[in-house]
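Let me begin by presenting the structure, written as structure tokens, before commenting on it.
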Amino acid sequence: MTVAEERIGRLHDLARAAAADGEDDRARYYVRLARRVAERNRLPLPREFRRFTCDDCDTYLRPGKNARVRLQNGHVVITCDCGAHARYPYTEREDSVESDTGPESSTDGQ
Ligand SMILES: [Zn+2]
């Protein structure tokens, strides 16, 4: 694991903790920092990070609090309070699929 990957992991933890405290602005700040680190180092963001952050407004998503989660045709659809949707294939074994390209709405800079 590289230093950059560790930083992203750390920022993800901080964002999650801030969101749990109801500090959405602080969580968004950490989310943006993590995105920037990933971009600068050309690293993919971890799956969990992508799933729990909004591509549109960088909010750290808390299902039941500021995001709604639905299952639809084998997909998980997460709707942020800002109105953005993210759709993921539903897989039971999270870490078994490495070819995942992330949310269909994302622009991974490619
Ligand atoms: Zn949003």
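Including glycine, each Cβ sits where the backbone N, Cα and C put it.
Features as listed in TrEMBL:
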BINDING   CYS54, CYS57, CYS80, CYS82  Zn(2+) binding site
REGION    91-110  region 'Disordered'
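Cβ neighbour counts within 10 Å, taken over all protein chains shown, single out CYS80 as the most crowded of the binding-site residues CYS80, CYS82. Compute the center of the Cβ atoms of CYS54, CYS57, CYS80, CYS82, which mark the site for Zn(2+); besides them, the chain residues with Cβ within 8 Å of that center are ASP55, ASP56, ASP58, THR59, LEU61, ASP81, GLY83, ALA84. According to DSSP, CYS57 (Zn(2+) binding site) sits in a coil region rather than a helix or strand. DSSP gives CYS82 (Zn(2+) binding site) a coil state; it is part of no helix or strand.
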